[in-house]
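Participant: Sharing the record's features from TrEMBL:
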DOMAIN    6-352  domain 'Kinesin motor'
BINDING   Gly106, Gln107, Thr108, Gly109, Ser110, Gly111, Lys112, Ser113  ATP binding site
REGION    421-441  region 'Disordered'
COMPBIAS  421-435  compositional bias 'Basic and acidic residues'
REGION    473-504  region 'Disordered'
COMPBIAS  494-504  compositional bias 'Acidic residues'
COILED    639-683  coiled coil
Amino acid sequence: MNEAEAVVVGVRVRPFQDREIQNNASLCISMSQKSTSIFDSSGKDTMFTFDESFWSHDGYEEDRTGYLRPKPGSRYADQKYVFDTFGKRVLDNAWGGYHCCLFAYGQTGSGKSYSMVGQGSNKGIVPISCEEIFRRIADDEAASHSYEVMVSAIEIYNEAVQDLLIPVESRPRKGFEIRESKILGVYIDGITKRPVDSYKTIHNTIEEATTHRTVGSTLMNATSSRAHTVLIIEFKTVMAGSTRVSMINLVDLAGSEKVKQTGAEGERMKEGAMINKSLSTLGNVIEKLAEKSTNPKKAVLVPYRESKLTRLLQNALGGSSKTIMICALSPASSNYEETMSTLRYADRAKKIKNKAVVNENPQEKLMRELMEENQKLKEMISGLGAGRTFDARTFEDLGRKQREIAEAEAALKDMQKTFQERLQEDRQRQEEQGRRRGTVVNPMVPMIVNLNQDPQLQGRVKHYFMEGKTVIGCGRHQEDDSDSESGSDKSESTSEESEEELEPDITLLGFGIKREHAIVVNDGGRCILRALNEDAAKATCLNGTPLDRLLDMEPSKCLQEQIEGGFLLTHSDRLIFGPCYFVFVDPNTGTAEALIASGEVDFTMAQMEENRAKRSATEKRLRKSLYSPSMILPGLEGEDQLQEMAKELGEARRRLELKDQLLVAKDQELEELRRQLAVLQGNPEDQELLYGRHEKVSMVIDSTFEEALAQLTALEAMFSSRARTSSSQAKAGAALA
Ligand SMILES: Nc1ncnc2c1ncn2[C@@H]1O[C@H](COP(=O)(O)OP(=O)(O)OP(=O)(O)O)[C@@H](O)[C@H]1O
């Protein structure tokens, strides 16, 4: 039996962010070799010792490519150093046939994703590891070994596990099931495993996962920091006469939400609670495992089952995996509490001990276990035949065993596929997908590019408009949202062919998106957008204004060029379909990347534009009725009545004008917040705060507007009732006369 080995724990402190510098933030962390100290406001320090303390706070300079390297003689831990210290260790373990896991833990904005994924030329552990895997494989080609690599990518959001390698529209609503069987251990049922044979294919697979994550987050209206993401690399070494398999789990945990600080409510609060549930269960699991390792004789119950995350990482945390944890720290004393809690977390984690084992010949092992289990099953059944009495529990066991055997048989069948067969299947899948979606990666084709609240996810999804027609809609998905309620026609389409017909070229999901929602006709590079029905026209906005309203406008007043019931799209036009925000890119005018980088168009701006347009339509109607002479109702008679009415009208106008002034001021405030948000790109924590303020200002605008609306509607009702009374009085008077 192998010796128990402690979880390897490192902490890394990031530089101050611009806003922290502006606020004269003070540093509360110091590091000396492997120890890290944290200082409270009175200057009292608490010291911790870890396997590594990475100082990435200062002492760096930017090279020509934007890479942050240490200044000569400085102790700055750059991305390469962190990879060489921790990332390499993961790969060495995988090469040795051990399961391994690397976690990034820390509060929102502390630098987890920077260490795991990186930014620009400062690549993180995930991309460097992927490059390194294929570099090592190439170096080893002469040897008698061969290697097979498969990748899965998952996300855990609101306690649902989603497969990031399938399109969002194919996701099961409640996510994928995590199952546990005696033979197969803990696994996610039905998750995609993509064979990859080069850095390029693994890179493309990760990009695809990020794109799906983006689409998903748009629908959930969430930023990337609210989900846990796990990249699972199954790494197999095939040697003469034996094979070794290692599962590498690279985990970027969600940041713990500071609910009070961001003022999260409703869904966001639930979301925060869910993340905190996963993280706090992770904390409890770490605590219990540390207790168990310190006192092996004590019976300790580890609550793995209390969250999806801990269930999934059960093996990595308390099993046979070699595990590394990197805890990201904010240097600012304003984050003292959170940083202290991260350090305590890290301190507890280093007490956990695992017994890693080499995973040799998994196929043979599975076959052996299957035979054993089959034998047990036979014995149970023959016991049944021999007339022995069985209680309900035994029947339950029998059923479970049969299920487990069936699952293991399916897994064995899957294992028996050769790697070449898998690659071939995957190529076919890609070709098929390309055909169905008409996906092209041609920079000269007009396209729409997604806008997202999270700058990391902005500009990631591109939909192209090929020459001819492109239909946009939700197809046969999400029918409960709209179409099905009003008598779905989907039930009639049973044949594969008719389902195929229903598939739009661009599938968008979300409230308000119709099965066949809109069409874009590309006629020699000129793209014309048209809604396909009335409801879709209401739920589609061009530069903030719904298409139904644009259609009703007099052509001279409409800023959009109308062509046969459709609208000509021009570079940087904002398009909103239900909850999905995009910007149109005309390749003859500019590229998507340049447009997004210019900051000229972003999610907040598109959202503000939409809100403003919504308001202005109603405002116009009310203003017209309030200020028009027809408001001095014809049936009114007598000096007194007229004077009273004029007074009431005057007051109503004044109230409206005050509200109007407030709205203008708040709009300016919003514009300023948007400008600040654009400057703060890549600074999630500050953005969270600003978004919070942004939401509040938007709420004030909405409620002010609602109030004005209510006042005016009441006034209108009062006038018309008075008009009715005075005209009936007039009629009665005339009759009497
Ligand atoms: N070691 C580092 N060197 C330079 N900049 C860093 C470093 N670590 C983090 N940063 C910067 O700090 C900011 C926050 O980092 P990052 O996005 O990785 O945080 P996070 O913990 O992943 O946040 P979230 O939980 O919201 O996803 C980013 O702008 C990043 O560029």
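Every residue, even glycine, has its Cβ placed from backbone N, Cα and C.
Unlike curated records, TrEMBL annotations are generated automatically.
Given the structure is predicted, the values throughout are model-derived calculations rather than measurements.
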Participant: What is the number of residues in the compositional bias 'Basic and acidic residues' (421-435) that are helix, strand and coil, as DSSP sees it?
Facilitator: 15 helix, 0 strand, 0 coil
Participant: Need one number: mean pLDDT over the coiled coil (639-683).
Facilitator: 66
Participant: On a count of neighbouring CB atoms within 10 A, which of the binding-site residues Gln107, Ser110, Ser113 is highest?
Facilitator: Ser110
Participant: So how many other Cβ atoms are close to Gly111 (ATP binding site), meaning within 10 Å of its Cβ?
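Facilitator: Looking across every protein chain shown, the total is 23.
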Participant: Need the DSSP three-state call for Ser113 (ATP binding site) to compare against my parser.
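Facilitator: Note: Ser113 (ATP binding site) is helical by DSSP.
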Participant: At a 10 Å cut-off from the C-beta of Gly106 (ATP binding site), count the other C-beta atoms across all protein chains.
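Facilitator: Gly106 (ATP binding site): 27 neighbouring Cβ atoms within 10 Å.
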